[in-house]
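> I'd like to ask you about the structure that follows.
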Amino acid sequence: MASEAVKVIVRCRPMNEREKALSCKAVVSMDSTRGQCFIQNPGATDEPPKQFTFDGAYYEGHNTEQIYNEIAYPLVEGVTEGYNGTIFAYGQTGSGKSFTMQGIVDPPTQKGIIPRAFEHVFESVQCAENTKFLVRVSYLEIYNEDIRDLLGADTKQKLELKEHPEKGVYVKGLSLHTVYSVAQCERIMETGWRNRAVGYTLMNKDSSRSHSIFTITMEIYAVDERGQDHLRAAKLNLVDLAGSERQSKTGATGERLKEATKINLSLSALGNVISALVDGRCKHIPYRDSKLTRLLQDSLGGNTKTLMVACLSPADNNYDESLSTLRYANRAKNIKNKPRINEDPKDALLREYQEEIRKLKAVLAEQMNTNNLSAGLLPAETAQLEVKPALLPEPQPDVEAEKQLIREEYEAKLAQLKADYEAEQESRARLEEDINTMRTSYNLKLSTLEENLRKEAGGNGEDLEKC
């Protein structure tokens, strides 16, 4: 299975009012054309700035629309085709994570990644032909290492994490809501957003005190040219992480300090998972160290296309935090995932059969071309035939029609075999044995036909020589 690196971009917001009031200077610069980010140590201005390269670098002049179209769009498009996808924003508190993920209504170019994903998904639903979609959403938060359903009847109830051999890690009791439009998605998101834990800190008056994951689950029913249904399932995780923070800067005390401790612990666990995945020598990946890393397990090293948006403050008084974020992101871009289309198992087998038929057809076509060449006459013999047209041999049987009959017989038997398999739910091993037997029979018939052709061609040649 082909691997794919986690895509990582960096986004730097403009200076905020607090930083302007403190007369902060900008230490972050970017070369967006090369995806490069530079950060200058304010305590060592004589040293060259540290340089990092990512899949994209967006400074304060860029908007969320550009980020989505250039980086997020292909990932969400993949979800509509049956791949899992995850987009998450990381950075210190107040660096613009929620602004990137949720966005604002005005100006429209700053609408967030989450509402843009809604529009993208339903645009695909409306444009698809011979395809039906079931779209459902869920919204949870991890607050003080407790999981809460932001759309549930009791948003304070603590939910449990479970693991299923096929579904993987899931949240028991998390509500799923069927949606039919962008507007309905936006209303649900607003409801969940109002239930999120937020609080005032010196760094951010509306600081997210929890990690949140908004998940869009899609079931895709496609009808092929034969009128058969095929099922694919995909999910898109849109993650807004709480910000890493220092107590000395945020002024956190009491409950805010407890929240900050839990936030930093879970982000530290996420960093340990990223480091372990990048370090090829690590045999154990510590996914179980936090609820966050368990929920993101498939997004980091698993069956998912993943995008990380690293958010920065440009101010010199946030140099240490910004440098930490850049190093964090620089490690993450080396993670390898193994995304695949999530098909119904029966449908996945059908894809194998179709591939087998395609290969056999290619082999048959190649052998037919070879036979036509071997049965062809030499130029001298052709000249003799032109002089003595009356001596032409009897026309050969319609080889193409005979081969077509063999091919149709093979495909008919294969289709019947698949139908029997689905009806009786026989083991895959037995199915493969039957297919191998059928393939042997098919090759034998083809060989017999070719042998007959050679004999006929040889006989015709002898007749011509006698003439």
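Including glycine, each Cβ sits where the backbone N, Cα and C put it.
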> Which range, 22-63, 400-441, does TrEMBL list as coiled coil?
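Comparing 22-63, 400-441 with TrEMBL, coiled coil matches 400-441.
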> For the coiled coil (400-441), report the average pLDDT of the model, please.
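Looking only at the coiled coil (400-441), pLDDT averages out to 67.
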> Within the chain of GLY96 (ATP binding site), which residues six or more apart in sequence place their C-beta under 8 angstroms from its C-beta?
ARG11, ARG13, CYS311, LEU312
> Across all chains shown, how many C-beta atoms besides its own are within 10 angstroms of the C-beta of GLY91 (ATP binding site)?
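Excluding its own Cβ, the number within 10 Å is 29.
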> Just jot down the residues in the same chain as SER95 (ATP binding site), at least 6 apart in sequence, with C-beta under 8 A of its C-beta; none if empty.
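Correct list: ARG13, GLY243, CYS311, LEU312, SER313, ASN318, GLU321, THR325.
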